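Comments concern the structure below.
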Amino acid sequence: MSSLDLFHYEKPTLLEFDSMVRCQGYASLAGVDEAGRGPLAGPVVAAAVILPAGIGLSEVDDSKKLTSGKRDELFEVIMANALAVGVGLSDAGVIDRINILQATLAAMKEALSLLFIKPDYVLVDGISKIPVTIPQKTIKKGDGTSLSIAAASIVAKVHRDRLMVSYDAEFPQYGFAAHKGYGCVDHLKAIAEYGPCPIHRMTFSGVKEHVKNCEG
């Protein structure tokens, strides 16, 4: 097997993947990802990021693979270098009303609408398309495939984490700064003891069992 043949069997880097998409005629490429689909409290946050073509952000990766300190560091790098960034969110009330999938897509649509540069093409993490007319491609594990999606995953995660830290000051009994709303043992115990607060997702297991107790 020649070195050229070997290249075709190797997974492209995140930057190479985006470059291949741009070579198809899309100059303005946006990556979209979300953070916070699974937690019992707080919003789901989506980010849309347009990076300059060929930018070398070698440390940018799926946000879940990075430490919080590294995410914060890369967040600043992305915000300083991106051509455009949009952040959208759906709060707990919206999630309860229309379900987490539709709330996620609504947040993604909002994030795209807040870009001051309109993208030619959108790469979306996951399997569900955003309800917009812009051409798009969904990619399973897209944050490990596309640099633009990986950047969006970091922006969404850091933005949401900072929101949850701010909620911790308002509702200190739940420990939001530590677990960011996820259903860990300490969080479940706090819900059982204090009942849900206004940012809890009342339709989610782990919360809904205590809604009547809260209302009664």
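Backbone N, Cα and C define each Cβ position, glycine as well.
According to Swiss-Prot, the protein carries these features:
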- 27-216: domain 'RNase H type-2' (DOMAIN)
- Asp33, Glu34, Asp125: divalent metal cation binding site (BINDING)
What same-chain residues, at least 6 away in sequence, bring their CB to under 8 Å of the CB of Glu34 (divalent metal cation binding site)?
Val44, Val45, Ala46, Ala47, Thr104, Ala107, Met108, Asp125, Gly126, Ala156
Which whole-number mean pLDDT does the model give the domain 'RNase H type-2' (27-216)?
95
Just checking, which of Asp33, Asp125 (binding-site residues) has the fewest C-beta atoms within 10 Å of its C-beta?
Asp125
Where Glu34 (divalent metal cation binding site) sits in the secondary structure, as DSSP reduces it to three classes:
strand
For Asp125 (divalent metal cation binding site), the three-state class that DSSP assigns:
strand
Divalent metal cation site shell beyond Asp33, Glu34, Asp125, criterion: Cβ within 8 Å of Cβ centroid:
Val32, Ala35, Ala46, Ala47, Met108, Val124, Gly126, Gly142, Asp143, Ile149, Ala152, Ser153, Ala156
